[in-house]
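TrEMBL lists 1-391 with the feature domain 'Major facilitator superfamily (MFS) profile'. The transmembrane segment annotation in TrEMBL covers 43-64, 76-100, 106-125, 137-155, 161-181, 244-267, 312-328, 334-352, 372-390.
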Amino acid sequence: EGGWGWFVVLGCHLQHIIIGGFERSDGVLFLKLMSKFNGTASATSWVCSLSSTVRLMIGPLASAMCNRFTCRYTTFVGAVLFAVGVLLSGLAPSLVYLYFTYGVLGGIGRSLSYTPGLLIVGLYFDKKRGLASGISSAGVGIGTFLLPLVFEILFEEFDFFGAFLILSAIPLNLCICAMLFRPLYIHHSIITTENTTTSTATQTDPEMGKNSLQKFYMKYIKPQKTETNQRKLIDFSLLKIPSFLFFCIGIAIFTASFKSAFTFLPALAKANGCTEREAALVMSVTGIVDTVSRIGAGFLLELGPIKPFRPVVYNVVMFVIVLVTFLCPQAEGFLEYCLVGCVYGLLTGGYISQKSVIIVDILGADKISHSFGLMIFFQGLGTLVGPPLSG
């Protein structure tokens, strides 16, 4: 409920800034790829769609790797793959090449970097899980504010390869996040060791100290290995629970619409009187409101009168988001698109930040690792279909 857990939240927050910022810059990247390769909107959107789809659909694998190798090591591997994918994208001779480098390779790296942070925050917190999740995911809003403008400036000031070369350095900062993800069993072992040392400091019998050490090993260290080896990698039986199954289906449908909106919103703004720089600013404005919404949702949904009805509030917000999405094509000019972006960011920020909290409300904290992996797999289905179909 605190202590080192807040450093874990910091790591997850930075993680969301980087990965969320890259994904919210898809609309800016879409315009640059359209200009360079002269492809159709549908073909170009596959680059952005694949990166998110792969990130989400291999969520169960990322969860399994966290169970097997810890969240820290999984994040390290993901950061390197993510950076390599972005770097190689700068050499792209065609969209098909980008499908593999930016889409598949980069998507794998994003998944292995993204999933561990969500899981470990859920493990470190119980009563404050909603607040911790809100603060962690608020990084997406900051990333949305910063990175679309960074993308725009880099592509304006440098050539295609130069922009990707500089951008490839950003994912390596995820290694810093990994260092903050101390495995929970190590955290408990450190605390227990300190308590054991304090409680036995006045003991003078060497045999008693030896016995205490043996008991500590048998109780805290040895069972950890046995428990890890016995875990299932992916528990598909959770889909037999109706409430969780319908939750996953709803997430898939929502994500198809949500991903399409963020991919094409800059292009739509440009077609309705905005410059490319103004289109990037629309995304930045959306990011500011998104940040406030995520933190505010964490506080609001923890309030006593609201907490028992969190799943109901969650579904109502999703319905309102659908209504706002219909307004996007009706806007004209920079100010109207900023207004639409503010409302959209306000609603989607709170909705997305509380996914893991709602899963715990439905299934319990003990199933968060396997359930979250399955849920983001369904999100992947939505991102696979949404942008190409919309394009």
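Backbone N, Cα and C atoms are what each Cβ position is placed from, and that goes for glycine too.
For the transmembrane segment (76-100), the most Cβ-contacting stretch among 43-64, 137-155, 161-181, 312-328 is 161-181 (pairs under 8 Å). By number of Cβ pairs under 8 Å, the transmembrane segment (244-267) is matched best by 372-390 from the list 312-328, 334-352, 372-390. Among the listed stretches 137-155, 312-328, 334-352, 372-390, the one sharing the most Cβ pairs under 8 Å with the transmembrane segment (161-181) is 137-155.
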